[in-house]
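Here the structure comes first, spelled out in structure tokens, and everything after it is commentary.
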Amino acid sequence: MTLDRFPRVTLGNWPTPLEEAPRLSEALGTTVLLKRDDLNGLGVGGNKLRKLEFSLGQALADGADTVITFGALQTNHGRQTAAACAKLGLRCELVLTAKVPRDGEAYERSGNIILDHLFGANVHRCTDAEETAATYERLVAEAAAEGRKVATLPVGGSDAVGLLGYVAAAEEIRRQLTGPARILVPQGSGGTAAGLALGWDGRLDVACVGHDTAESAETLGSLVADGAKHLGIEPPSLDHVRITDRTLGPGYGVPTDAVWEALRLFGRTEGVVLDPVYTGKAAAALIAEPRPEEGPVVFWHTGGLPGVFGYGPEALAAFS
Ligand SMILES: *Cc1c(COP(=O)(O)O)cnc(C)c1O
């Protein structure tokens, strides 16, 4: 599948490493490979950079000078968008909504929030969906009044353009693997899993972090359909995709004991830092169902390191 016709701007270091994890593999009784998208560079890295290469490539092609996007207070997508905008000289407006049942000094003033400000984004904190919508409209009107051209990116950068980053990633890992493997990835807004579902025809395991299996499957299906249309191909069957919500817990942004246990295991066997919102839930799903009979598993590390500090007091209690 050639992606050459889509505008793209380079933001990360590619390919990201595919690493062996012998001590983790031994602990789980199954061979685990780590796909290190947490190490792709810009702005402390993470999975959103792959999407932003296409989303911001399109924004630049459209002549945009202002980017507006959305997320929770500790959004990794917002932080990576802010870093990419800094690098590209674009104005970045982050409209953040308090949608996770967490507050306090660490959640509200540490982690990703510090980096959003470091990268020069304008941060707008909203208490609910209504204030979020009103803030967005005000920012669009202000940009119009000043003659600026806005590109709006959805939550998580998950749309038919952004997901192309993970169609490209599927090709990247095909070149790195020397034999069959299954891939395990977390699903939040869905663009990562959808891009992989389009580009990768081996087994794809998806761990829900924000919605239950039924809702996540619906989001995935519609993103895959949009992506296929954008690519000009028939939407593939999703028989190769298996979705689980067994480690979702009470909801988005709420880590469970199994999540903290997963962070400890990866940290203490491999010195790898997972995050409490996304990769920790996917790793908990791996621990719950290692499935050695299915051969090696690629654990796709999508980043999120600053989230550890956003959940600082809880993290310290869980680790010490
Ligand atoms: C956004 C994010 C995800 C989820 O990716 P989606 O494309 O939104 O499903 C996974 N891990 C981390 C660290 C993220 O920031």
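Including glycine, each Cβ sits where the backbone N, Cα and C put it.
Taken from TrEMBL, the feature domain 'Tryptophan synthase beta chain-like PALP' applies to 9-303. Under the heading N6-(pyridoxal phosphate)lysine, TrEMBL lists Lys48.
Mean pLDDT across the domain 'Tryptophan synthase beta chain-like PALP' (9-303) comes to 98 in this model. Within 10 Å of the C-beta of the residue listed as 'N6-(pyridoxal phosphate)lysine' there are 37 other C-beta atoms, taking all protein chains into account.
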